[in-house]
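J.: Attaching a single structure in structure tokens format; questions to follow.
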Amino acid sequence: MNQLQKVENYVFNLFKDNLSFDYTYHNFMHTTMVVEAAKTLINKYDLNENQTQNIIMAAWLHDTGYTLSINEHEKHSAEIAKRYLTENLFSDESINEILGLILTTELKYVPQSISESIIRDADSFHLGHTDYNKFAELLRIEIKKVYQKEFSDFEWHQENRNFFINHHRYYTDAAKELWQNQKDINLMSIQSKINEIELVGESLNKYELKKKKNDKAQQMDRGVDTLFRVTLSNHTRLSDIADSKANILLSVNAIIISIALSTLIPKLSAPKNEYLIIPSCVLLVASVASIIFAILSTKPNVTYENFTEEDLQKRKVNLLFFGNFYQMSLDSYEEAMNELMKDRDYVYNSLTRDLYYLGKVLERKYRLLSVTYTIFMIGTILSVLAFGIALFMNN
């Protein structure tokens, strides 16, 4: 078994026993492909046997440092390589050259010889490979697992584009001849993906902006709907309360009049009861007046707008209140309502008018109810005083 076969077995076992499965890119398969890329480049140049062996040895050992740590893995690889090469009786000259080649794979290092350029270009062969996207995705998974860092598609493509343009170049003419053209194609593919995401993002931003506006409009609509619903409900409840109060006064005064007519009035014809005539009249007048105003407050009061066909076409008519449309034909009303339902502003304007006229009806109802209670209160006081004075004077 020669030295190259021996180092291949060593690296295979080292990775098998010590390399985490999180390294989906920097593993034995990647190392094998770097070795093959290095051999391809070596064949393009007239190198001696010692140079060839040192480059291939460096290619096999250049990523062994990942078994110790991802940080400064080139230095760790050099340490592992030095230990292995020393144990296998390599000359000091060969050891130093191989270690130098391994350290050459550090990203910021600029190669100084053809051997350094070959190992450096071989290590980045994948940038000019037709399967670049597969290699890049394996590296993306590795970064996520090892560094706990996750990229969006857009961020990942930007990182790759930046690396292609600002942090990488092929140093050997052979690498440029073999891989530069495909590298340029891969770069254009990356840029195309970035452009596509930007276009989709721009469209998405417009959609989200439009959606936010629509959501805001819908929230406003819901708020306005709630406003009208609550306000109309409150007005209807106030109207019911007013009717209930008026009904109470109607019942009370009706009872008073019934009792007066059945028991008090028949006794006033007797001379001895003449002193009760005035108090009885005061009581009856107050009760009758209270009943009249209570009836007026509960009497239906239909408010309506006088409108023309032109007002209807200009959408100035409240079609939600029967007092405005009861004289319209069914066809005209259906047509007008269809137009109403198409226009949100027209709906809100109609609800506003409906609320306004309902408020006008409520104002009249509560004003008359207030007069009714005032008459009932004053009439009751005057009646009691009149009966008291009459009884006092009679005695």
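Heads up, the Cβ atoms here are built off N, Cα and C, so glycines get one too.
TrEMBL labels come from automatic prediction, so no person has curated them.
According to TrEMBL, the feature domain 'HD' maps to 28-126. For 229-388, the entry in TrEMBL reads domain 'Pycsar effector protein'. According to TrEMBL, the feature transmembrane segment maps to 246-265, 277-296, 368-393.
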J.: The transmembrane segment (368-393): which same-chain residues, six or more beyond its ends, come within Cβ distance under 8 Å?
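T.: Contacts of the transmembrane segment (368-393) (Cβ under 8 Å, skipping residues fewer than 6 from its ends): 242, 245-246, 249, 252-253, 275-276, 278-279, 282-283, 285-287, 289-290, 293-294, 296-297.
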J.: Within the same chain, where does the transmembrane segment (246-265) have neighbours whose Cβ lies under 8 angstroms from its own Cβ atoms, ignoring anything closer than 6 residues to its ends? I mean 6 or more beyond.
T.: 276, 280, 283-284, 287-288, 290-291, 294-295, 297-298, 369, 372-373, 376
J.: Which residue counts does DSSP yield for the domain 'HD' (28-126) in the helix, strand and coil classes, in that order?
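T.: Residue counts in helix, strand and coil order: 72 helix, 0 strand, 27 coil.
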J.: Across the domain 'Pycsar effector protein' (229-388), what is the average pLDDT of the model, as a whole number?
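T.: That stretch averages a pLDDT of 78.
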